[in-house]
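The signal peptide annotation in Swiss-Prot covers 1-41, and the record cites sequence analysis as its basis. What Swiss-Prot records for 54-84 is domain '4Fe-4S ferredoxin-type 1'. Residues or ranges marked as [4Fe-4S] cluster 1 binding site in Swiss-Prot: 64, 67, 70, 74. Per Swiss-Prot, the feature domain '4Fe-4S ferredoxin-type 2' maps to 91-124; the stated evidence is sequence analysis. The annotation [4Fe-4S] cluster 2 binding site is assigned in Swiss-Prot to 102, 105, 110, 114. Sequence annotations record features per position, and here Swiss-Prot assigns domain '4Fe-4S ferredoxin-type 3' to 133-169 based on sequence analysis. According to Swiss-Prot, the [4Fe-4S] cluster 3 binding site annotation covers 142, 150, 153, 157, on the basis of similarity to another entry. Here Swiss-Prot flags 177-208 as domain '4Fe-4S ferredoxin-type 4'. What Swiss-Prot lists as [4Fe-4S] cluster 4 binding site is 186, 189, 192, 196.
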């Protein structure tokens, strides 16, 4: 039997074949473990913003088959399928409001295209969608808090007056008009985040459970 020296150990062909088999087994086990990790990764802390009509996150992940039909149906190129570096489970649809918000199509084509019900095809209206909720995260940077008069987030809101408004507040002895999000009406479309004039938007869309610490998506949209 042929043999060769590796360091101080004499390695036979049989030893080499056994080592190779063990390496393959470890690789397979590692691949299985990685796949299992991806499948069972908890989405609790995920900040992914889902398309309108999405079921609660766990139900959504169970129903979504990663087909991409919702992405193809969106006329604005809002939706993408998640890659490894994204804040969403691999292959699932999401969008980044700062890049392209949801333009709230009345016929909700993305939900209508879903073959499994991961996106609720029976959502009554786009105004019933619960993609998330806008949250004013940049109190230190929002121009209104600095005493300036900016109303862009209010003016661009597709349901202006219901989802967001300017309300008077006293800050450091000054009377200023501050953007106030009315979460019961906000759909999380992200138009306000997209149009914020700051380099880092002072207003951001977050999943409802993360933004408000309350119940998130449900099949009929938001519950008051």
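Just so it is clear, glycine is given a Cβ too, placed from its N, Cα and C backbone atoms.
Everything Swiss-Prot records as a feature, shown here on the structure.
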residue : record                          : DSSP class
64      : [4Fe-4S] cluster 1 binding site : coil
70      : [4Fe-4S] cluster 1 binding site : helix
102     : [4Fe-4S] cluster 2 binding site : coil
142     : [4Fe-4S] cluster 3 binding site : coil
150     : [4Fe-4S] cluster 3 binding site : coil
186     : [4Fe-4S] cluster 4 binding site : coil
192     : [4Fe-4S] cluster 4 binding site : helix
Subject >> Top Cα neighbour of residue 67 ([4Fe-4S] cluster 1 binding site) in the set of binding-site residues 110, 114, 153, 157, 189 >> reply: 114
**OP:** Given the binding-site residues 74, 105, 189, state which is nearest to residue 142 ([4Fe-4S] cluster 3 binding site) when distance is taken between Cα atoms.
**Re:** 189
Original post:
Residues with Cβ closer than 8 Å to the Cβ of residue 196 ([4Fe-4S] cluster 4 binding site), same chain and 6+ apart in sequence?
Top reply: 152, 153, 202, 203
Subject >> residue 114 ([4Fe-4S] cluster 2 binding site) versus residue 64 ([4Fe-4S] cluster 1 binding site) - Cα distance in angstrom >> reply: 9
Original post:
Roughly where does the domain '4Fe-4S ferredoxin-type 4' (177-208) sit in mean pLDDT, to the nearest integer?
Top reply: 96
Original post:
Can you name the residues of this chain that are 6 or more positions from residue 102 ([4Fe-4S] cluster 2 binding site) yet have a C-beta less than 8 Å from its C-beta?
Top reply: 51, 52, 78, 95, 129, 131, 187, 188, 189, 190, 191
Original post:
Just counting, how many other CB atoms are there within 10 A of the CB of residue 142 ([4Fe-4S] cluster 3 binding site)?
Top reply: 21
**OP:** Find, among the binding-site residues listed as 67, 74, 114, 192, the one whose Cβ has the highest number of other Cβ atoms within 10 Å in the structure shown.
**Re:** 192
Subject >> Rounded inter-Cα distance in Å - residue 110 ([4Fe-4S] cluster 2 binding site), residue 192 ([4Fe-4S] cluster 4 binding site) >> reply: 21
Subject >> Top Cα neighbour of residue 70 ([4Fe-4S] cluster 1 binding site) in the set of binding-site residues 105, 114, 157, 186, 192 >> reply: 114
Original post:
Closest to residue 150 ([4Fe-4S] cluster 3 binding site): which of the binding-site residues 74, 186, 192, going by Cα position?
Top reply: 192
Original post:
Using an 8 Å cut-off from the Cβ centroid of 102, 105, 110, 114, can you name the remaining same-chain residues around the [4Fe-4S] cluster 2 site, in sequence order?
Top reply: 51, 52, 53, 70, 73, 74, 78, 79, 108, 109, 111, 112, 113, 119
